Amino acid sequence: MMAQTEKENLLALLIEDDLDLAGTISDVLKMHGISCDHAYNGEAGLEFAREGYFDVIILDLTLPKMDGLTVCETLRSEGIDRPVLMLTARDELSDKLAGFEAGTDDYLVKPFAFEELVVRIRALSGRRSAQSKLFELADLQVDFARNIAKRGDRVLRLSPTAWKILSVLVKHSPASVSREQLERALWGDEPPESNSLNVHLYKLRQQLQQPDEVEVIYRDANGGYSLREKVDGE
């Protein structure tokens, strides 16, 4: 039995048709502070990946309706760059090469130790964050390598929670992020019942938006938030 660790508020998408294995993986990840959404086939998994924010996608190679390679290729062709960890019973080099050519970031052969799965998920999440080092929009700069956000020469004084919200918005920019997605990213499966998200969003917008600065954060008609340029007519 692996020891429970400090909650990290990572969110994984598991696309796996073996229900017993999927249930075990979900339980293990939850023990280690990683929330997990589950899709049972390739088509459903693709829709989940399109619609939600996930730190890592755990993708089985052999799936009903759409195989893992096709799911991964489709995600990459649509510009969805979330880290993908491919699970498979195939250990041939040709299968691994096919996975990497489809856009897979890492490969794990069944059967595997759950400790290794957790380590690989954490490594992939950190690796992709480090690769996306600098985000720029108007005079907003978010430097993930140094954990600094600026509007022009003004350094933003962000709390850890505000930084997490900003990071999620950056990863989705210019698309909108729903309240539910933000709550999952911050608190996993146990969001607070209070209006904590509203408070954190208000403080973040105060930091991001001075009266004389170009607007970069928008509340959309569906209640979500986005980092983007102003659209004609707004």
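Cβ atoms here come from the backbone N, Cα and C positions, even for glycine.
Whatever TrEMBL says is automated annotation, not expert-curated.
Predicted-model confidence for the DNA-binding region (132-229) is 86, expressed as mean pLDDT. If you look up TrEMBL, you'll see 132-229 marked as DNA-binding region.
Sequence annotations record features per position, and here TrEMBL assigns domain 'Response regulatory' to 11-125. Assigned with DSSP, the residues of the domain 'Response regulatory' (11-125) fall into helix, strand and coil as follows: 55 helix, 25 strand, 35 coil.
Residues annotated as domain 'OmpR/PhoB-type' in TrEMBL: 132-229.
Among the features that TrEMBL reports, 4-aspartylphosphate is placed at Asp60. Here the Cβ of Asp60 (4-aspartylphosphate) has 24 other Cβ atoms within 10 Å, regardless of which shown protein chain they belong to.
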Taking DSSP H, G, I as helix and E, B as strand, the DNA-binding region (132-229) contains 35 helix, 21 strand, 42 coil
